[in-house]
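Below is one structure, written out as structure tokens, with a few remarks after it.
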Amino acid sequence: MSKLILIRHGQSLWNAANKFTGWVDIPLSRRGRAEAMIAASKLQEQGYRIDVCFTSLLIRAMETAIIALTEYEQLCGGKTPIFKHDADDLDWHGWDKYDGDPKEELPIFPSQALDERYYGDLQGLNKAQTAQKYGSEQVHEWRRSYFTRPPGGESLEDTQKRVIPYFENRILTHIAHGDTVMVAAHGNSLRAMIMRLENLQPEDVPNLELATGIPLIYEVDQQAKVSNKIVLH
């Protein structure tokens, strides 16, 4: 059995300000950095050892991953975390022509496919003020519905269409090899993945809540069929 560890990034500065963030590249707050460290501490205490990590291209997810893997060295078996960029990602410069040493290094693969849902015209707006303007039911539908797009943005269905192919083609490959895989990403990109893992339907999505910095561990077979689920509160 392989283990798949999902972590929503720690609290960001705009989480703290109750703003829609989406693709705006906002860093972690002080609390968010602490959440990343606490999550790593819990994983290490339970004896988990990460073989490979995936993140989005957004700094709050990458910060969460790198804090976890550098502050608690036993979590990655004493290996050095190293970001491995893909040529199809926007931040790839062509300079990291380095294959690496799997005995000494733990690869972190950042990908735009795992980015947060794009909130379009809502990005940067305060959620409470937006609810006052448009109504709480409308804002809740924009945030939690599977099919409804916020103005100029993505629905969760749209998000899932980019997350799942990446999961199937990249993440599942490591699961099939028996690796312990960590994914540090976002509420909606992780919801898309959880729908695949737990065979959830669109009507189940509104009740699917993910707290920042709380590890969610799945024990899975080579096809990512889940046999056990653990939440490390």
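For all residues, glycine too, the Cβ spot is worked out from N, Cα and C.
Copied from Swiss-Prot, the annotated features are:
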type: BINDING; residues: 8-15, 21-22, Arg60, 116-119, Lys127, 143-144, 187-188; note: substrate binding site
type: ACT_SITE; residues: His9; note: active site, tele-phosphohistidine intermediate
type: ACT_SITE; residues: Glu116; note: active site, proton donor/acceptor
type: SITE; residues: His186; note: site 'Transition state stabilizer'
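Each residue contributes its Cα atom, and for His9 (active site, tele-phosphohistidine intermediate) and His186 (site 'Transition state stabilizer') these two points are 6 Å apart.
With a cut-off of 8 Å between CB atoms and residues at least 6 apart in sequence, the same chain places Leu28, Ser29, Arg31, Gly32, Glu35, Thr212, Gly213 near Gln11 (substrate binding site), listed in sequence order.
Arg8 (substrate binding site) falls within a strand segment according to DSSP.
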